[in-house]
Structures are given as C-alpha cells and as structure tokens.
Amino acid sequence: MNPITLMIIYFTILTGPVITMLSSNLFIMWIGLEMNLLALIPLMINNSNPRSTEAATKYFLTQATASMILLFSIVMNFKQMGLWTFQPETNSMILATTFISLAIKLGLAPFHSWLPEVTQGIKLKVGLILLTWQKVAPLSILLQYYELLDHKLLISSAIISVLIGAWNGLNQTQTRKIMAYSSISHMGWMVSVLPFNPSLTILNLLIYITMTTPMFMIFHTHSFTSISSMSLMWNKMPMALPMVSMILLSTGGLPPLTGFLPKWAIITELLKNNNLILATLMAMTALINLFFYTRLIYSTSLTTFPTNSNSKMYIHQNYKKTNNILSPLTIISTMMLPLTPLLL
C-alpha cells in the first residue's frame, strides 16, 4: 500500500476514537465511530484473499448495522428532547437501542458472533487494532451515559459475555480466535463493574490492552497462527518461552501477575455492592479462561508436536527480527501488581 495512504489511514484510526472521547455531542461521537470503522476496512483487505474479503464484509455489515441503530437512537432522542445529548428524561427504549448498538461494536454477547470470525480472517497486526484500539470509542460513550442505562441490561450482557468467552475459547486451536474470545470475556468483566465503579472499567481496559499487545506482537513476529505452530517456539525463540508463559498466565488472571489486579478489584467491588452470585460466577469462569491459556503454555513449552521440517534447530540460524517495545510491555503486563495501592 502507498505509504501516504497508509499514513492517512492510521491517522484516521487514531483520531476517530479521540474525537468520540472528547465530544459531548452525540452526532460528533457517531462521526468519530464512523471514521474509525471506514479507516480499518482498507487495512483488512490489503493483500486481499477470500478470507480477508469475507472478514472485511462481515465487519462492515455488522458495524454499519450498529451505526445505523445508534444514529436512529440519536435522531429519535433529538426529536423527543431537542438535544444532541441523552438526559434522564430520555425514553428507555432509545437508551436500550443505544446500548445494543454499542454492544455490537464492542463484541459483547449476545452480539459477539462476528468478532472471532473477523479476527480469524485478517492479519495479526490488524487483529491487534480490532481487539484493542477499536474498543476505546464505544466504551467511552458507555462511560459517559452508564448512569442512564438499565443496569440489569448491562449486568446480563456482562454475564453472558464472560460465560461465552470462557466456554467457546476452550475448543479453539487458532490463536486469533482464542484472543477474540478472550476479548469477549474481558469486555464482560469491564461492563459488569461499570454501574458500580467506572474507574475500574478504565483500569481493566488499560491492563487488557497492555497484556494483549505483547502477545499479538509475538504472534505477528513469528507467524504463530495456531497452537501447532506455537509448539515450534522452543527451537525458534527459547528465551521467549518464559515470557510468553507469564503473559498468558497474567491474561488469565493468575496471582501475583498484573492480570490478577483488575479481576481482584472487580470481584471486591461486586461483593461491596452485594452481588455475591455475579462475583462467584465470574470467578468460576476466570478459572475456565485460565485453563485454555494454560493449554497454550503446555503446547508451547511442554510438548514437541510432529513436524515435517528436517531442520529443528532454528535458533542457530541468523534471526534479525527485533522489537524494542516488547520488553517494557512484558514487564508492565506481568509485574505491576505491587503498584495496586497506587492504582486503586
């Protein structure tokens, strides 16, 4: 792709959510979401193949549907109230349709089915943008208007997301689909605490992004697209084995790693607000998540899969790919738990 075109696309992807976050006008927020949506599609179909074209089509159709529902809600609110912002007097049906449109954009259950398929069909670096930066703008709208939304609706969607993200991730062999279901589960954790403590939602989002980014960097650098391809890590990059294992365990929420911090804080907040059943259910599903991350570690470091390659010692070959951001991101995503008193 032309470098100038690529620069314009990345600039649009960067500025779209920023416009949405900084605006209090619903129509401007919608424009920011549309900028983000339309800028990502050229990246998806760059070096196109049938899988990427299919993924881009699914992404466009679902996101366009969500945008249409959101714009409909905004226009109906303007017709009712004469304002470009939601108010406590806004019709509950308008607020419900707004949440549905944002849930589709975030990949929250039960509107999640597009996310694993789209993530599987695109490149790893585009998948990283889809699962991290693309979540910022819809979440910023939820953070502005969460008090007006039906809290039962939020919590119901959160429970379903956590359960589906955990159970469906169990039988996946493709790394991109595993990370997609992990994203659905993490979104459920963020939305579950939103009615009680929105600052914990922001903290969870930041930690999720810092844990997901190094994993996708490793997957992209070495083209790890499936569990079987990850089984060759021991002879491609043996020094990275403990690093990958720690990031995966941190993403699963195992103490004393960074990923334990948001889960601990969210469960504590839910218990403070007498949501005992919800907290117990989410803690149990966290164990299921931890299981399929542990399975990735097992196939990476404790097994040697059959391979057709005669050369098994790739470590002796010249390997020039380096990533300067990976080391600090790994440290942040695994060793930040002692800073918990400062963060909370």
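Quick reminder: no glycine exception, Cβ is built from N, Cα and C everywhere.
Within the chain carrying the transmembrane segment (5-22), a Cβ under 8 angstroms from the stretch's Cβ atoms is held by residues 28-29, 31-40, 42-43, 129, 133-134, 136-137, 140-141, all 6 or more beyond its ends. If you look up TrEMBL, you'll see 5-22 (among others) marked as transmembrane segment.
Under the heading domain 'NADH:quinone oxidoreductase/Mrp antiporter transmembrane', TrEMBL lists 23-288.
What TrEMBL lists as transmembrane segment is 59-78 (among others).
Note on the transmembrane segment (93-114): residues 33, 58-59, 62-63, 65-67, 69-70, 72-74, 76-77, 80, 86, 134-135, 137-139, 141-142, 145, 148-150, 153-154, 157-158, 160-161, 163-165, 180, 183-184, 187-188, 191 of its chain, located 6 or more positions outside it, place their CB under 8 angstroms from a CB of the stretch. Sequence annotations record features per position, and here TrEMBL assigns transmembrane segment to 93-114 (among others).
Within its own chain, the transmembrane segment (126-146) has Cβ neighbours under 8 Å at 13-14, 16-17, 20-21, 24, 29, 32-33, 36, 40, 43-44, 59, 86, 95, 98-99, 102, 105-106, 118-119, 154, 176, 179-180, 183, 187, 190-191, 194-195, 198, 201-202, 205, 208-209, 212-213, 216-217, 220, counting only residues six or more beyond its boundaries. The annotation transmembrane segment is assigned in TrEMBL to 126-146 (among others).
What TrEMBL records for 152-171 (among others) is transmembrane segment.
Annotation source TrEMBL lists transmembrane segment at 202-219 (among others). Same-chain residues lying 6 or more positions outside the transmembrane segment (202-219) and placing a CB less than 8 Å from one of its CB atoms are 124-125, 127-128, 131-133, 135-136, 139, 143, 175-176, 179, 182-183, 186, 189-190, 193, 225, 240, 243-244, 247-248, 250-251, 258-259, 261-262, 265-266, 323, 325-326, 329-330, 332-333, 336, 343-344.
Listed by sequence, the residues of this chain that lie at least six past the ends of the transmembrane segment (239-257) yet keep a Cβ under 8 A from its Cβ atoms are 182, 211-212, 214-215, 218, 233, 263-264, 286, 289-290, 293-294, 296-297, 300-301, 330, 333-335, 337. Summarising the annotation, TrEMBL assigns transmembrane segment to 239-257 (among others).
Under the heading transmembrane segment, TrEMBL lists 277-298 (among others). Sequence-distant contacts of the transmembrane segment (277-298), counting only residues of its own chain at least 6 positions beyond either end whose CB sits under 8 Å from a CB of the stretch, comprise 155, 159, 162-163, 165-167, 169-170, 172, 175, 178, 182, 185, 188-189, 192, 227, 230, 244-245, 248-249, 251-254, 263, 266-267, 270-271.
Residues or ranges marked as domain 'NADH dehydrogenase subunit 2 C-terminal' in TrEMBL: 290-344.
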